[in-house]
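Before any comments, here is the structure.
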Amino acid sequence: PPHPPHVGDALLAANGERVRDDPAMIKKAMKRKEKQKAKSTAKWNARIETTAEAMTEKQKIRKHNLDKRKLGGEEGMHLSSKRIKDAEEDSKEKKKRLGPHAMKGRDDKFSKDDGEGGGKAAGKGGKGGGAGFGGRKTDFINKPKGGGKGE
């Protein structure tokens, strides 16, 4: 059976449940919700703004790339989808590699050791590499040892 409205709060309190009827607390909660809403609105507006900026930037890059591609040739190649490269950026020299692998892939005249001993692959009959790899073959595998006919 439903209780009269004036008795309801007293019964809830008697049962140990919370009664939310304090005007000061209700006002405080409303104020907190309003602040939260304002904060979320500001965040959303900032997000819309940054999205719009990103879109205009992408469109600018796309237009630049299409214009360059129309020119063709060297200018129409190697275009970046992330940024617009200037002419001076292209002309800059590449940064040199640093560290222990700086000389990898270079000719022998640039290598660190002067060809005298040392190194991991010394005495293993090859140029290095992993286990079982003796380097590139320079001749036929089953070439006759003598070199001439009739031997």
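All positions are counted from 1 along the displayed chain.
Cβ atoms here come from the backbone N, Cα and C positions, even for glycine.
Automatic, uncurated: that is what TrEMBL annotation is.
Positions annotated as compositional bias 'Basic residues' by TrEMBL: 31-40. Helix first, then strand, then coil: DSSP counts for the compositional bias 'Basic residues' (31-40) stand at 10 helix, 0 strand, 0 coil.
Marked as compositional bias 'Basic and acidic residues' by TrEMBL: 68-77 (among others).
Summarising the annotation, TrEMBL assigns compositional bias 'Basic and acidic residues' to 104-117 (among others).
Marked as compositional bias 'Gly residues' by TrEMBL: 118-135.
The compositional bias 'Basic and acidic residues' annotation in TrEMBL covers 136-151 (among others).
Summarising the annotation, TrEMBL assigns region 'Disordered' to 31-151.
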Practice task
Report, as numbers and ranges, which residues of the same chain sit near the compositional bias 'Basic residues' (31-40): CB under 8 Å and 6 or more residues beyond its ends.
Solution key: none
Fill in the blank from the handout: Checked against DSSP, the composition of the compositional bias 'Basic and acidic residues' (68-77) is 8 helix, 0 strand, 2 coil
